[in-house]
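Written below as structure tokens is the structure these notes are about.
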Amino acid sequence: MTNSATPLTVGQALQRGSVLSASSDSPQLDCQLLLGRVLEQGHAWLITHTLDALSKDQENAFEALLHRRLQGEPIAYLLGTQGFWDMDLVVNTATLIPRPETELLVELLLSLPKDPCIRLLDLGTGTGAIAIAIQRERPHWAVYGLDRSAAALAVAQGNAKTWHPPGMAFIQANWLGPIRSASFDVIVANPPYIEPLDAHLAQLRYEPHQALVAADAGYADLHAIMQQATRCLMPGGHLLLEHGFDQQQQLERRLLAWGFDNIQLFDDLNHQPRAILALWPGTASREEKLP
């Protein structure tokens, strides 16, 4: 907090971004966004009102946000929103922050045939990002979002209401456990896939651990979803998974072992392996052939 008795101006507040250099790749932008949140104003207003003074309460709130950002708290949690697809979604610490690379899943889903009778299930929906984006683009599809976290589902339901996708439904469950029949044409998931000892986790300490980390070197949830999907996909249905950059080959082998075919592999915008799409032909799984 500043000690000067002179009120802090908007221009002076914008210059405070330099203190964030140690914790952010975009300190000036972060500073602008945080100040805009406190003042409830956008960029154009800020740069045309640089001589306006902040109230003491506004100054204190701004300094508190700067301090939290300096400690490494994600800007999305401080703002309470994150852009995804064509939306600004509400986020909080009950949900992962939607990543730009996950938009690849939306693009791949939209490349599937536009059958009006498609039933799609988004596993681990979190903020509802994938499910809501698809429902907005394919309003005639029956789209469901599933998550084991009641707190995350509350966020997803709020986002769905804000962005008005018709007919969306949400289910609280642990993956596909309670679904006992072939009910879906498409199952998509961005599950936990980071191994517990990954050093990268230190940078993600503010996000929900259970939505990031999976046992069995990061494969436990991916494997569980594959197995359960053989029971829940309609013949000719598709399974689409996001995964870690070094997991694609093992996942391809495991999908083949379970009886999936027509497997397609995709890289993200950084040219890293990121997604795998497989067709379920409707035959019995080959569990006994698993490596």
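Numbers here mean position along the shown chain, with the first residue as 1.
Any Cβ shown, glycine's included, is placed from N, Cα and C.
Listed in TrEMBL:
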BINDING   Gly124, Thr125, Gly126, Thr127, Gly128, Asp147, Trp175, Asn190  S-adenosyl-L-methionine binding site
BINDING   Asn190, Pro191, Pro192, Tyr193  substrate binding site
DOMAIN    13-80  domain 'Release factor glutamine methyltransferase N-terminal'
DOMAIN    118-245  domain 'Methyltransferase'
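Every protein chain considered, the tally of other Cβ atoms within 10 Å of the Cβ of Gly124 (S-adenosyl-L-methionine binding site) stands at 25. Taking the binding-site residues Thr125, Thr127, Asn190 in turn, the residue surrounded by the fewest other Cβ atoms inside 10 Å of its Cβ turns out to be Asn190. Sequence-distant neighbours of Gly126 (S-adenosyl-L-methionine binding site) (same chain, 6+ residues apart, CB-CB distance under 8 A): Thr95, Leu96, Pro98, Asp147, Ala152, Val155, Ala156, Asn190, Ala211.
In terms of Cα distance, the binding-site residues that sit within 10 Å of Thr125 (S-adenosyl-L-methionine binding site) are Pro191, chosen from Pro191, Pro192, Tyr193. Taking every pair among Gly124, Thr125, Gly126, Thr127, Gly128, Asp147, Trp175, Asn190, the residues listed as contacting S-adenosyl-L-methionine, the largest Cα to Cα separation comes to 16 Å.
Counted with DSSP, the domain 'Release factor glutamine methyltransferase N-terminal' (13-80) comes out as 47 helix, 1 strand, 20 coil.
With Trp175 (S-adenosyl-L-methionine binding site) as the anchor, the candidate binding-site residues are Pro191, Pro192, Tyr193, and the one with the nearest CA is Pro191.
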